[in-house]
Structures are given as C-alpha cells and as structure tokens.
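A.B. asks: Encoded as structure tokens, here's the structure I'll be asking about.
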C-alpha cells in the first residue's frame, strides 16, 4: 500500500461522525430551507443568520447524510453530469460529441467548505501561464468552485467574507459557470451549486444587493424554553459520549427523510401551481414594495418544492405561508422607525391578501 493510500485510510478512520440531521431539536425554519434547496437547487441557496452557538454549522454539516447520490464522470474534477450539457465540462462534452465512451460512477452530493481567508485563485482556480505558453495547453488547476459543481458550497461567517469574493460566488451560483481569464487565456467550467452562507448579525450584515441574491434567508434564535435547552444539552452529551450508538437510534428517521428528498426531486417537475395562487404571490410582493422579481420566482419554486416534499402534486396556500417569510424577509426595505419585524410583516400581508384570519 502506498503512503498516499495509507494517509487516506487513516483520515477516513479518523473522520468524526456527523450529528444526525433528524436529531436536531427545533430550528425548523433553517432545516426546511436547506431541504427545499436540495430538492430544487434553482431556489438560489440560503443565508442563515443567528446567534452564536445555535447549531448553524452543525445543522448544515448534518445535511450530508441526507444528500442523494448523483452520477458523475469518473476522474472528472468538475463532477460533470454525463447527460446534461449545462453541467458538464467542455472536455466531457467534446468526448460525447465524438461518440467516445465516458465512464461514470455514482457518488454522494458533496458539501464543500470555503475558508474565510480563501484567495480568489483558491476559489476560482488558476491557469499555469508558463505551461500554456511553452506547451500550448490550457493547464488549469481547479479551485473550490469546480469541486462544488452539482453540490453545496458552505461559507461560514459569509458576512465577513470580502465583498468581491461574495460577488464571484453569487455570480457563479446564478449562471452555473465559472470563467477564469489570465494573460489572454480563458478557461471555463460548470459551477452550479447550492450556496449556503451563515453568520452572526452582531459581526456585520451583508450588503442588501448581495443579500437579495440569496434565495432564502433563515433567522435562528437561541432556544429560551428551559426544558428544550436541557433536552438539547443531553442529546449533544449522548452523541459526544458514543456517536455510533446515538446515530444508530436515528438511522430510520434519517433514511425516511432521505427517501422523501429523493422522491421529491423526482416528482418536482409534476407539481402544479394555480395561476390564482401565482397572482396572489405577486400581489404580496408588489404591496410589500419588493424590488425586482426574484421574490416572486423564489416563492413559486419553494412552494412547489415543499408540495413535492410532502408528496403532493399541487401547491396549496399553506405551502406558500410556510415558505413566504423565508423568501421575502431579506428583500424588504428596512425602516428604522418600524417596530414590527420583517417576518411578521410578510405573514400579515399574506393573511390580508389571501383573506384568511391570522393564527394566534
């Protein structure tokens, strides 16, 4: 066995078990936002803001066990999809066009971490100019965006990340492609990923124009109920003492949610949303003075994803109610004189437009 294989095996054995997603108590808003983005990546990612120590990173990393498998081209640094031209590299597309055989394997969707101090080259990848000039080849060293293609890119403390890098991430997530240009040489590759950011609002907010680019915005608050706090602490202690036994207890519930997600991804295209509901969604966005049409689009997508997750082929008003705050709270203009928070404002407008009585 080679030294590299030995290191890989040791690393694999030392990998810390992940806390089960279904064992996380509370924080339903954050969990729902993550699941819906896995069902429909076109929702546009999620920004999770909340107090320190509320389980933001734990929940995001716990998602890895629920992610379905995808088919990728073997030994391809971009996780190319052998069937979708928008998700394959130029090299793979050329092989397919030339009727060459392209071997594939099944692999789990990956979560890629973007460190806070990452440089633009580390994120986007680099071109070896010397090799390009001397040998006439596009020697490209892929970055994190290549690794994240068809997966999830997680940025902790995204509000502390350089604005320029946030722009690059959002542009790539929206367009699905990353282009690197150096000294007149250009390389592009697919970079379609779900962008998940988390942060503490005390450490600074994202600029509104960047915030608007995230499909959803979840707000996480510290649990106040003493009984619930005790339960969370006890569960965490049990996991730390014996992760394998703890994970075993949640095996079935994990498998159930994973199956639900896989089925929802398959059925998503069949979910219908009545025109009347779409008109009411746009009316809410209009009356709340939401800039642009991103809000309307994301609500429609998220409502369909929720209906698919719950095993239905038709969107109901309750689906819209459940996701509308996640989709709009970060798109409202902030008025320092208003005492009502943006989430409550969105819900009140929903009840007003749909002609329903507010739930106490």
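Cβ from N, Cα, C; glycine included.
Annotation comment: Swiss-Prot describes 50, 51, 52, 53, 54, 55, 56, 57 as ATP binding site. Here Swiss-Prot flags 285-327 as disulfide bond, drawing on similarity to another entry.
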A.B. asks: Distance check, please: Cα of residue 50 (ATP binding site) against Cα of residue 285 (disulfide bond), rounded to an integer number of angstrom.
C.D. replies: 25
A.B. asks: For the binding-site residues 54, 57, which one has the sparsest Cβ surroundings, going by other Cβ atoms within 10 Å?
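C.D. replies: Per-residue Cβ counts within 10 Å for the binding-site residues 54, 57 bottom out at 57.
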A.B. asks: Excluding 50, 51, 52, 53, 54, 55, 56, 57, which residues of the same chain place their Cβ within 8 Å of the centroid of the Cβ atoms of the recorded ATP site?
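C.D. replies: Same chain, not in 50, 51, 52, 53, 54, 55, 56, 57, Cβ within 8 Å: 198, 200, 220, 222.
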A.B. asks: Counting Cβ atoms within 10 Å of each candidate's own Cβ, which of the disulfide-bonded residues 285, 327 comes out highest?
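C.D. replies: Answer by Cβ density within 10 Å: 327.
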A.B. asks: Can you check which residues sit near residue 51 (ATP binding site), meaning Cβ under 8 Å from its Cβ, same chain, 6 or more apart in sequence, and list them in order?
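C.D. replies: Looking at Cβ-Cβ distances below 8 Å from residue 51 (ATP binding site), excluding near sequence neighbours, one finds 200, 220, 221, 222.
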A.B. asks: Helix, strand or coil at residue 54 (ATP binding site), per DSSP?
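C.D. replies: Looking at the DSSP assignment, residue 54 (ATP binding site) belongs to neither helix nor strand, so coil.
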A.B. asks: Within a 10 Å radius of its Cβ, which of these binding-site residues (50, 53, 55) has the fewest neighbouring Cβ atoms?
C.D. replies: 53
A.B. asks: Round to the nearest Å and give the CA-to-CA distance linking residue 53 (ATP binding site) with residue 285 (disulfide bond).
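C.D. replies: That separation, Cα to Cα, works out to 33 Å.
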A.B. asks: How big is the gap, in Å, between the Cα of residue 56 (ATP binding site) and that of residue 327 (disulfide bond), rounded to a whole number?
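C.D. replies: Per the Cα atoms, residue 56 (ATP binding site) and residue 327 (disulfide bond) stand 18 Å apart.
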A.B. asks: Give me the count of other Cβ atoms within 10 A of the Cβ belonging to residue 56 (ATP binding site).
C.D. replies: 24
A.B. asks: Mind giving me a neighbour count for residue 52 (ATP binding site)? Other Cβ atoms within 10 Å of its Cβ, every protein chain shown.
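C.D. replies: Around the Cβ of residue 52 (ATP binding site), 9 other Cβ atoms lie within 10 Å.
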A.B. asks: State the Cα to Cα distance, in Å, between residue 327 (disulfide bond) and residue 57 (ATP binding site), rounded to an integer.
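C.D. replies: Computed Cα spacing between residue 327 (disulfide bond) and residue 57 (ATP binding site) is 21 Å.
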A.B. asks: Work out how many Å separate residue 57 (ATP binding site) and residue 285 (disulfide bond) at their Cα atoms, rounded off.
C.D. replies: 31
